[in-house]
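Q: Have a look at the structure that comes next, please.
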Amino acid sequence: MNEGGNHHEEEHQQAADAGPRVRRAHPPGGALMGGRPAHREAPERDTRSLRPARDSLSGARDLHRATGPPRLTGPEREADHDAPRWRIVGPGDPTRTAQPTQPRRGPRRRMADPVNATDTFRAARDFLLKHRSDQEAATAGFPRPALDHFNWALDWFDVIAAGNERTALWIVEEDGSEERFSYAEMARRSNQAARWLREQGVRRGDRIVLMLGNRVELWEILLAAMKLGAVVIPATTLLGTADIRDRVERGNARHLVVSPDVAPRLGDLGGEVTRICVGAAPEGWRRYEDARRGGEHSPDVTPDVTPGFTSEFTPDAPTKASDTLLLYFTSGTTAKPKLVEHTHVSYPVGHLSTMYWIGIQPGDVHLNISSPGWAKHAWSSVFAPWNAEATILVYNYARFDAAALLAQMARCGVTTFCAPPTVWRMLIQSDLGELRGSRGSLREVCGAGEPLNPEVIEQVRRAWGLTIRDGYGQTETTAQIGNGPGQPVKPGSMGRPLPGYAVKLLDPVTGAESDEGEICLALADAPLGLMVGYRDDEALDDEVKRGGYYHTGDVASRDADGYITYVGRSDDVFKASDYRISPFELESVLIEHPAVAEAAVVPSPDPLRLAVPKAFIALAKDHEPTAETALSILKYARDHLAPYKRVRRLAFAALPKTISGKIRRVDLRKQEAEARKDPEARPEGEFRYEDFPELRQ
């Protein structure tokens, strides 16, 4: 998937944050039975402890109902209204199969007359589950929810969490320790967090910069902020002082929630910013551990009996569906990071398309490799799996180890898996057979970050009998285009438009619809998952929304069957000898060479051809930047590319990147243009096609 999130190895290193945690350890080899985790019986609970949560949930829903029933637009075929509810067979057992059940709310209702926001959302979700292997039917008949008021944490998560002891979040550490949290427990924890944050002064509309690693507090605080009606600004823990200051100032943040390793980098932010630390808090910081007040993981504590502990929460008002929920800073591949605004509908509801693309079903165990702070983490480690009522699995590690990851996937019974190309390329260098046949649970595999080259896809298919399905989206949207489950996959193609998205390819010169052009979305019938806009850049917002369309800036082609293939960023595509060149196509060939770890292709000014392709190469381990290596790479490219696409110049270099790991080709283009001001000049270390007579043979 080509999207605005992350795909660099540095981002995938999900080191555990500091701070006290209670862990349930699995001794190596001692906690497994027949290849699956030993089942642990949950202790009996006094059901009275659940009543306050249910009472507060009822009150929250009453507030949302007060504005009248929401609407649902879209086709009203009676067959679609009978889409089944889903139940999970076996509490917390990811190896069992989700089974459809009949609706639990009395007689059948037409989807145009739902009772509340929850039913509206559920009807749309269940429709996609029903048509999970028929992308044409799912896209053509998707009943788009039209919601006036909606709070995903209250109207969806708390509803499915009521009395639900199935695992919602499963965090596994590199040392073998782990934590599991049920849906009911996450609802209670987030209620408690919301009450405490309210006591700290967090109010509806306040903006919170959230900088945490993969720990339970990340998810519970996100849910709590939603319930409060606050606005979350996710940020990676890799940010430096200047970047943090930029996010606080441009995001107009009033509150900052960070882990102990981040706190020393903050310096003097000035202003009235509430500083909260999750873990060992520096002097002057508020301690998030006070929110627990002897919470349910502590010894000798009983919820609703221990003084100060309560799982009740009542919202102060209904949440408008159009209220701002998230502000995301993009990775800034061409300029400073853009500030993307999403609402309580655009991301939570919009990610029904992402759920559909990945193929997540109720009861699944879903593993996504991405780091908090980037949009892909919210896509695939929050909304898509919990929309489906699945388990989110997190594996924290300090340094990527393919064998260790495969072992955990087998042990935990992962059913759906999404990873960026960097991870897939490292996985195929290990023994993929370590996963094959371990539990037979893995059903869907997806690629995210940028399109995968065919060699990787084929190696995984041979080893696992599964095809990595590609897709496309951005920080500004949810998943727009994808190869859905059970659909024929064309090599190199991103797939077809996903439910809720009507994709147009517009010629960048004429603006007319074409078989090749910029990927655009009509604003007259804007998709649910489309951003509100760029919060602090009105000129840029007007630019990307010109002519009645949202312009993604990405160029693609569409074949006769409707499959869309990524060409490149509109500002990356260039002409050489009047031929249109897609850097991605050339880079996909180059990275197949064993000496190439990463590649970036840009136009190099040429007096005869106007421009020629130049490749900047980051070498793989144990390869040297010699003329012999350059010859081998250029020869491989010659043998696998059309003559007009041949790489004519090559340099070995460290590639400039954004903090999220995306290559900044704009820097390479500027560097190359500057180096060519003297047409006779030759940059140091550059190899040229004509340097090697053997290439002409």
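Glycine is no exception: its Cβ is also placed from the backbone N, Cα and C atoms.
Caution: TrEMBL annotation is automatic and unverified by curators.
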Q: Tell me which of 458-487, 668-697 corresponds to the region 'Disordered' entry in TrEMBL.
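A: TrEMBL lists region 'Disordered' for residues 668-697.
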Q: How about long-range neighbours of the region 'Disordered' (668-697): same chain, 6 or more residues beyond its ends, C-beta under 8 Å?
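A: For the region 'Disordered' (668-697), the sequence-distant neighbours (Cβ-Cβ under 8 Å, at least 6 residues beyond its ends) are 600, 602-605, 607, 614, 616, 625, 627, 630-631, 634-635, 638, 646-653, 655-656.
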Q: Where DSSP helix means H, G or I and strand means E or B, what are the helix, strand and coil counts for the region 'Disordered' (668-697)?
A: 15 helix, 2 strand, 13 coil
